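Novice: Next up is a structure, given as structure tokens.
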Amino acid sequence: MTEVRRRGRPGQAEPTAQKGAQALERGIAILQYLERSGGSSSVSDISGSLDLPLSTTFRLLKVLQAADFVYQDSQLGWWHIGLGVFNVGSAYIHNRDVLSVAGPFMHRLMLLSGETVNVAIRNGNEAVLIGQKECKSMVRMCAPLGSRLPLHASGAGKALLYPLTEEELVGIVVNTGLRRFTPTTLVDLPILLKNLERAREQGYTVDQEEHVVGLNCIASAIYDDAGSVVAAISISGPASRLTEDRFISQGELVRDTAKDISTALGLKPPVA
């Protein structure tokens, strides 16, 4: 008969397990607090609101940062919800929310435009690609899912920006700067604000080789039932095919698709 022996002293594992559970509960509480705070907060506010020692709060934030659940703003020192939270919650997104609703509309847009269709969400000061329908052309422009895009220099990024107030836009620019990626990147704030104002009026924005030379994108914002921007839908193609003379017709197509998705998410049309 085989004898099973236990390692360690009796009862030794229980306190360790309790400490681990407590740390997990506190980490979840921090993420929930960040969510209630609009996605970001200072370590002192987190510590005070959750009644945690400052040193404990900072240690837990560093653990969450290592898993990409949070990240720290290098200028202000504030902590923000990170991309890891999206990765863990991707199963929910696939079962519901934007992608599950947008799927048929993305396919229709791909067929009508002849270009690759993308859906992106905002994560902090970047746009993140979460969905894609590749076009059937031999030459197509496709970025891998999870790709991060600059807000000021990409179609999807600008579509996530143009519904915001000027104060919010300036705040983002202060945090991120206006890095130049190509000769046509908008790196002057007044010009960028004017570009976004025009996009707001027409319901779509154009990225004319502003992020990648040879790549043009047209994008529009998607809204939820509360009227909040939740994502952006875009088409992307080589500049030799998605040419300037097609921007208006394709822009209206992207805009109308974004409206259809927003309606499917519960957005009510404005009362005339």
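Heads up, the Cβ atoms here are built off N, Cα and C, so glycines get one too.
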Novice: Please identify the range among 43-62, 183-202, 243-262 that Swiss-Prot labels DNA-binding region.
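Specialist: Here Swiss-Prot associates DNA-binding region with the stretch 43-62.
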Novice: According to Swiss-Prot, Ser154, Gly155, Ala156, Cys217, Ser234, Ile235, Ser236 bind glyoxylate; so which of Asp73, Asp97, Asp207 is the extra one listed there?
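Specialist: Glyoxylate site check in Swiss-Prot: besides Ser154, Gly155, Ala156, Cys217, Ser234, Ile235, Ser236, the record includes Asp207 out of Asp73, Asp97, Asp207.
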Novice: Over the domain 'HTH iclR-type' (21-83), what is the model's average pLDDT?
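Specialist: The predicted confidence over the domain 'HTH iclR-type' (21-83), as a mean pLDDT, is 91.
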Novice: Quick one: give me the count of other CB atoms within 10 A of the CB of Ile235 (glyoxylate binding site).
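Specialist: Neighbour count, Cβ to Cβ under the 10 Å cut-off: 30.
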Novice: So which other residues, same chain and not among Ser154, Gly155, Ala156, Asp207, Cys217, Ser234, Ile235, Ser236, have a Cβ within 8 Å of the centroid of the Cβ atoms at the glyoxylate site?
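Specialist: Nearby residues not in the site list: Asn118, Ala159, Asn216, Ile218, Ala219.
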